[in-house]
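Below is one structure, written out as structure tokens, with a few remarks after it.
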Amino acid sequence: MMITLRKLPLAVAVAAGVMSAQAMAVDFHGYARSGIGWTGSGGEQQCFQVTGAQSKYRLGNECETYAELKLGQEVWKEGDKSFYFDTNVAYSVNQQNDWESTDPAFREANVQGKNLIEWLPGSTIWAGKRFYQRHDVHMIDFYYWDISGPGAGIENIDLGFGKLSLAATRSTEAGGSYTFSSQNIYDEVKDTANDVFDVRLAGLQTNPDGVLELGVDYGRANTTDGYKLADGASKDGWMFTAEHTQSMLKGYNKFVVQYATDAMTTQGKGQARGSDGSSSFTEELPDGTKINYANKVINNNGDMWRILDHGAISLGDKWDLMYVGMYQNIDWDNNLGTEWWTVGVRPMYKWTPIMSTLLEVGYDNVKSQQTGDRNNQYKITLAQQWQAGDSIWSRPAIRIFATYAKWDEKWGYIKDGDNISRYAAATNSGISTNSRGDSDEWTFGAQMEIWW
């Protein structure tokens, strides 16, 4: 009996410790990719993106080590009510050395409270920095609806026929035409706080296994007292989105139509900008002080249309497929817009449940509104892959690859500069008038990719 009494407090203590550890368990999620590559003509791996496009086909075409490390925890729960704390720190380096220092990006720090409002069961209120309901095309790493940033909102309000979400976020624009110049201190400039107000209605049943999501985003400059917008900067804009998702073939197809105006056209994903983001100009104030507005051309007034179809499906036990097709037209009053269309496929053949071969073929074509010239590029990658499962989404994965790219460009390339600016054909400013010409290249290497 004495032995039993001695063991009982110990057992209770151990059990309590285990239960406490479970209750306080920290969730660890994230994403990472890294590898090594070479270029056929010599040197480290090059990556290929057509000048003027906002993205590139990514398989065998990523030249950096990148990671997002997420730590989160449910810190309080009572019945169906709870608070969850979430964080995310991101890192990116050039993968050229053992020791590569970098400043981390603190991308998320937010608290989400579920079922806290009695008369809105199922809803979540939140505040802080957050990846907010992002919509993207994985195979080209393209985010077409993304208002992420510091903000607050309420989501998943059940209306019976769909779920309503409301949010406000901020995306500060530094050093450009949305920068204010002080009316009182002429040598002082200030970054611009651009606010976005987002309304989404999701889960609208349209057909068997098909749902519709509708969204409206309004972005504007939030001016600081005593400062003014640079002359010609776009003050605000709208973006409208309709996305239909069809569940099919053990996967999905998404069809998207978007329209944006003025400040919402530069990034085209729901965040406001007051400029087109390509050039630079210097303003000389009355006292002789010169202020350089770097990497911006003011006045992105105009509109943008985007039609997008993408998905991932299974074509039987041995085949999976990713695909994308998109047309985008940015028509600006300053004549520096672009017309971009892209199409690509990534079939996967599964030799075993953990080994596969992938082939990615992608084509981009971008027309300069100013010059009327076109840049085009196609990229082909063949990869042998070992992954944790038999799906095209299975990760972690280790792959060896060979990539071939061929391009023919006639506008907008800055040698040794930022060759992905879609507004680089600013011939009236005397910059960005060259092109990559007509050439090709191939690369090969190995890469790991993981999310968890």
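Glycine is no exception: its Cβ is also placed from the backbone N, Cα and C atoms.
Annotation comment: Swiss-Prot describes Cys47-Cys63 as disulfide bond, evidence class similarity to another entry. The signal peptide annotation in Swiss-Prot covers 1-25. According to Swiss-Prot, the feature site 'Greasy slide, important in sugar transport' maps to Tyr31, Tyr66, Trp99, Tyr252, Trp393, Trp451, an assignment based on sequence analysis. The site 'Important in sugar transport' annotation in Swiss-Prot covers Tyr143, and the record cites sequence analysis as its basis. Under the heading topological domain 'Extracellular', Swiss-Prot lists 36-64, 94-104, 131-148, 174-191, 223-234, 264-300, 411-436, citing similarity to another entry as support. For 116-122, 206-209, 389-395, the entry in Swiss-Prot reads topological domain 'Periplasmic', with the evidence type similarity to another entry. The annotation transmembrane segment is assigned in Swiss-Prot to 27-35, 65-78, 81-93, 105-115, 149-159, 162-173, 210-222, 235-248, 251-263, 337-351, 373-388, 396-410 (among others) on the grounds of similarity to another entry.
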Relative to the Cα of Tyr31 (site 'Greasy slide, important in sugar transport'), which of the recorded positions Cys47, Cys63, Tyr66, Tyr143, Tyr252, Trp393 have a Cα no more than 10 Å away?
Tyr66
DSSP three-state assignment (helix, strand or coil) for Trp393 (site 'Greasy slide, important in sugar transport'):
coil
Work through the recorded positions one by one (Cys47, Trp99, Tyr252, Trp451) and name whichever has its CA nearest to the CA of Tyr66 (site 'Greasy slide, important in sugar transport').
Trp451
Looking at the recorded sites listed here (Tyr143, Tyr252, Trp451), whose Cα lies nearest to that of Trp99 (site 'Greasy slide, important in sugar transport')?
Trp451
In three-state DSSP terms, the structure that Cys63 (disulfide bond) belongs to:
coil
Averaged over the topological domain 'Periplasmic' (389-395), what pLDDT does the predicted model reach?
98
Can you tell me how the residues of the topological domain 'Extracellular' (131-148) break down into helix, strand and coil by DSSP?
3 helix, 7 strand, 8 coil
So for Tyr252 (site 'Greasy slide, important in sugar transport'), how many other CB atoms are inside 10 Å of its CB?
15
Which of these recorded sites has the least crowded Cβ, counting other Cβ atoms within 10 Å: Tyr31, Tyr143, Trp393?
Trp393
Distance from Trp451 (site 'Greasy slide, important in sugar transport') back to Cys63 (disulfide bond), taken between C-alpha atoms, in Å:
18
